[in-house]
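Input: a single structure, listed below in structure tokens.
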Amino acid sequence: MTRYIFITGGVVSSLGKGITSASLGAILEAQGLTVTLLKLDPYINVDPGTMSPFQHGEVFVTEDGAETDLDLGHYERFVNATMTRKNNFTTGRVYADVIRKERRGDYLGGTIQVIPHITDEIKAKIREGADGADVALVEVGGTVGDIESLPFLEAIRQMRIELGDQQTLFIHLTLVPYVAVAGEIKTKPTQHSVKELRSIGIQPDILVCRSEQSLPDAERAKIALFTNVPEPSVISLSDVKSIYEIPLILRDQGLGNRVCEKLNIKATAADLDDWKKVVQAQKNPRHTVTVAVVGKYVDLEDSYKSLSEALIHAGIHTQTRVVIEYIDSEAIELHGTELLKKVDAILVPGGFGSRGIEGKILAAQYARENGIPYFGICLGMQIAIIEFARDKAQMENANSTEFDPKTPFPVVALVSEWMAKEGIIEKRKWGDDLGGTMRLGGQPCRLKIDSLARRLYGEDRVIERHRHRYEVNNDLIGELEKKGLVISGRSIDDRLVEMIELADHPWFVGCQFHPEFTSTPRKGHPLFIGFIKAGLAAKEAKKAVLAAPSQEKTD
């Protein structure tokens, strides 16, 4: 029997419902329960796949190829469960599926309404996503009081009626602000938020109160009195430097035990020793390395959320504080590579569109020519190949057909644009990896023996997640290999380039997939760990050169 924990948010958005849900999931998992998490998004887009990163932040790709909310990345980083397309759905998806059923005649000519048809579809999707787990944590996106969230709130209200309070539990996350002018903590916003929730039939069982500092006992008692929540169930969650402290903070306040008590679950004590080790390693670094992330969405750091977390994870596993310098690739186009001179390593992440591309190419060239560790992910690998083709293979104006459809040397292109020497356009059968459509999800990669990639992974075959349309052009790759480009990873059928490196460079690696999606704080990821180690080595080498005595003779 699956128990359901519904997490809602009030007062303001961006309080950290995703992190709180994931942290509670980590606690319950440490208590011996199998856990899954779902995110319900109230926007009408079917999924975030076509949304601007500035609007939505990162699109997280699941193993089964779904484009989902970035909160699913938090879920996978905190718990051991692997998320699927069933773990995230939107209002748009719900309505699309209901309309499809109506067109098919499933409702036998009935009038389709929000209640019961939309709410029934929401409940069915929640049950489907929760199937097989002891506990399903269901995060409802948006803020209580928003009109967009009402169908989701009505659906979970109905689930409490249908399943009872031994199988369902409501947690409400609110803001308790500190008003500096008055010198007081204000509980009124939380009181009103709970009042709004109760007005639609939901009484929270537990409150998690977000604040700058820990709530004094008097304020917790006041909140309990006016919200009809027992005082032990009013949890204080103050700001912390690292999100990986939160499972420990919530465990120490008894949240996991409180949940198990209310849901009548017999569970063991939560063993969070691995989280303690993560936090201790993050708080006590022995080294510092500066990494430039050269991208086009750098004004919103959530656009690269999994990437920044993967770098932090690598720092945890190398006892290193990783300082991330986000650099707009258009700024490099305007001001040159001077912006890169103070960094120890350069990373160019994925992206779409031509804006800022030449700046990324300049960054790859700067790293290659100056022996600076370079990590190119997805588009970052493709622009490294473009730069190499132009400079080392004398392919003038080489490019991707995404940016220049008329380029004489399409080193990156849709598979349907590849043309063999005989003038025949490459054709793919149904079921093949199609370059003309988005290639999504986990796919196997075979690594070259004696390559850096093979040494980093420690195995000859890996599965990594993809999100791209364009591929490296096999018809031109042979010329690049003659000039020193190493193809260190290929698809299992040998037709698609998955990884590249340079043999004559200290650390220059590109991958077509997104390794950041599978990095976790407890395990890290071999490519990111190798990258940070290379950055540290480059930093030490630079210091040694600067410290060496001058060779010039003086009178």
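Glycine residues also receive a Cβ, built from the backbone N, Cα and C atoms like all the rest.
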Per Swiss-Prot, member of Lys39, Lys123, Lys222 binding CTP alongside Ser13, Asp146, Ile147, Glu148, Lys186, Thr187, Lys188, Pro189, Thr190, Gln191: Lys222
Same L-glutamine site per Swiss-Prot - residue from Arg258, Arg469, Arg490 joining Gly351, Leu379, Gly380, Met381, Gln382, Glu402: Arg469
Site co-member for ATP according to Swiss-Prot, given Ser14, Leu15, Gly16, Lys17, Gly18, Ile19, out of Asp64, Asp69, Asp71: Asp71
Candidate recorded positions Pro189, Met381, Gln382, His514, pick with smallest Cα gap to Gly16 (ATP binding site): Pro189
Ser14 (ATP binding site) to Thr187 (UTP binding site) - Cα separation in whole Å: 18
Greatest inter-residue Cα distance in Å for the UTP-binding set Ser13, Lys186, Thr187, Lys188, Pro189, Thr190, Gln191, Lys222: 23
Secondary-structure category, per DSSP, in which Gln382 (L-glutamine binding site) falls: helix
Residue among recorded positions Lys222, Leu379, Met381, Glu402, His514 with Cα closest to the Cα of Gly18 (ATP binding site): His514
Which listed residue (Lys17, Lys188, Lys222, Arg469) has most other Cβ within 10 Å, given these are binding-site residues: Lys17
